[in-house]
Structures are given as C-alpha cells and as structure tokens.
Amino acid sequence: MDSGLSANGGKRSPERTSTGTSPEHRRGDHLGESRRGTLVTALLRLHRPLLVAAAFSAVVAVVATIGYFVDDRTLVGVPIWHKAAKFGVSITIYTLTIAWMLTFLPSRSRFARVIGTIIAFGITVELVLIVLQIIRGQMSHFNVRTVFDAAVYYGMGGFIVAVWIANLILGIVLAVRRLPDRGIAAGIRWGTVIGLIGMAIAFLMTVGEFEIVDMDAAEAQGLAGAHSVGAVDGGPTMPITGWNTQAGDIRVPHFVGLHALQIIPAFALGLVLLGRKWPRLHPESTRVGLVRIFALFYFGIVAVTAAQAISGQSILETDLRTLGVVAGLVVAAGLGSWAVLARSRQGTST
C-alpha cells in the first residue's frame, strides 16, 4: 500500500521524477536551451559574407593592436599599425550593422544577398590594401608617389564608392519598406541618411572641386589629399583617434557622421527596451518623434564638427561661438523631447 512517504520517511514530493529532476528545473533547462538556440539561429540568419568580413576585420584589429606595441615604425607621425587597428574595429561594427539591417528584408531575398556581398567585398578589399601598404611601409590613403601606390589608392577609392552606392540603395529600399516597428524604422532611415553624408564628407580630403586642404603641400609630398585643414598632416595628434590637435581635421565629422549608422538605430532600439517599463514610450508615434529629434540633433553635431574642421579649428580648441551652437542644439533637443513626452502623457491619460 502506498503510504505517500518516501524511503527516508518524509513525504514524497509530487514534483520529483524518476531521474530526480523537477519539471520546473527541466523547463528552466529547456528555456535556456531555447534561448541559446534562438541566438544561434539568429546569428546563422545573418548575411554570411558580412559575417566573414566582420570576423576578418576583427582579427585585423587584434593583430594591428599587437603591432601597435611591437612594431616601432611610424608613418605620418603615428605608429604604423594605427590605421589598421582603427579601421579593423570600425569595419567590424559597420559590417555587423549592415548584416542586422538586412534581416528586415525577406530571408531569401536575392537583393539582400547581392547588396550585402558587394558591401562585404568592397570593405574587405579596402582593409586588405591598408594592411598591404603597412607591410610595405607606405601610406595607403592619398599616396600616389608610384604607379603601384596610386593604383592601390584609387582602387580603394573605387571600392568605397561602390560601398557608398550600395548603402544608398539599401537605405532607399528600407525607407520604402514597411518595417515591424515605426520607431526602429525611423532610426534606420535617419541613421542611413546621416551615415551616407558622413561617408561623403571624406571627399573633402581629396583633390577635386570641393578641395579645402592644402593641396600644394600635399602634392609636394606625392600625395593626392590630406586630413588636416590649416596645417600639414604629421603634427601633434590625439591618442587613439589620431586627429590633429593644432588644426582642423576632416576625419572628425567623417567619423561622427559615419557612425550615425549605428548610433541612431541603437537609440531607437533603446527606446523600445525602455518602453517595456515606461508607459509613455509605448506609443510608436512617441518613439518616432524622439528618434527624429535625436537624429536632427546628431546631424547638427555633424554640421558643427564639419564647419569647425573646414575653418581649420582643432576639436581641442573649440571657440565660444561653436560651444554656443552646441549648447543651442542641446537646449532645442531637450525642449523638443519634453514636448513629445508631454503630448504622450496627455494621450495616455485620456
């Protein structure tokens, strides 16, 4: 007769099984496995060539960081592996961002496969050529001293133009496509537009109609462009970024603008996560409004840093007028955000 007692005299727990594992514990295990499986599945759904490009650039970033400390060679006043380390990190983030953006297109979309492959191939070729020139002890950008160096430089330029055009096409496709969340959609669209502007700012460093750098000094060194405005490249620079500390540097607005592609969508995604605990952020219209305000503020910062660089002013020597403009942008963004949230509160209270 079953007395309902276990062998040790205590009551037999109805939750225990023959294996000694409770159903709750098994459900926890299954939940963990499900989450891990979901993560793996999500990673496998990402564009393979872009994942390969991201992995390759991450390896380059690690190798270049090691080279930064063990290779005592310098180029234009900075450690020779400096550019490869920066580009490795930047390209890793960039390719993963594009891979994520492509998930908003049908999984079997031929367009997504082609556009992602073009971007992955073009950006990887640029990084390979940068490393090649480092091994040779030569500049990769602006270097036209020899036929080979010129071929490398203009080849890089051609691939980057192809990447820029591919980004533009992808941005247009995502702009007209209905995405699951309007806030994230706004983040992707604004981030793409400002990111493309940031990429285009790089053309200010080269010979051409919009030439603003000292090309006479550059050409005297066998170069077809420069980063600095108001001084020649190779002077005192900031650590890590390598930006000129005594003159304007076009790389500042180029960097800020380019990474709008990650920062603005990340802001939109952050609002979605905050909306789970803050009811005011539940409405999509509220999050769209906040994303727009943040994007306009961000674009204002890109414009300010571009004007500062073009005027020959170092970012470390920001004058009161520039600081006043930035303060105005902060106040405007704050007031705009307050208005959007106030309207959201009125909507939720009615």
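Note that Cβ sites are derived from N, Cα and C of the backbone, with glycine treated the same way.
Predicted, not measured: the structure shown is a model, and the values here were computed from it.
Quick look at what TrEMBL annotates:
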REGION    1-31  region 'Disordered'
TRANSMEM  50-70  transmembrane segment
TRANSMEM  85-104  transmembrane segment
TRANSMEM  111-132  transmembrane segment
TRANSMEM  152-176  transmembrane segment
TRANSMEM  188-207  transmembrane segment
TRANSMEM  255-274  transmembrane segment
TRANSMEM  295-316  transmembrane segment
TRANSMEM  322-341  transmembrane segment
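The transmembrane segment (85-104) is in contact with the transmembrane segment (152-176), judged by 3+ CB-CB distances under 8 Å for residue pairs 6 or more apart in sequence. With respect to Cβ pairs under 8 Å, the transmembrane segment (255-274) is most closely packed against 188-207, considering the stretches 50-70, 111-132, 152-176, 188-207, 295-316. Away from its own ends, the transmembrane segment (152-176) comes close to residues 98, 101-102, 104-105, 111, 115, 118-119, 121-123, 125-126, 129-130, 132-133, 140-144, 185, 188-189, 192-193, 195-196, 199-200, 202, 206, 224 of its chain (Cβ-Cβ under 8 Å, at least six residues beyond either end). Remote same-chain partners of the transmembrane segment (111-132), defined as residues 6 or more beyond its termini with a Cβ less than 8 Å from a stretch Cβ, comprise 47, 49-50, 52-53, 56-57, 60, 64, 83-84, 87-88, 91, 94-95, 98-99, 102, 105, 140, 152, 155-156, 159-160, 162-163, 166-167, 169-170, 173.
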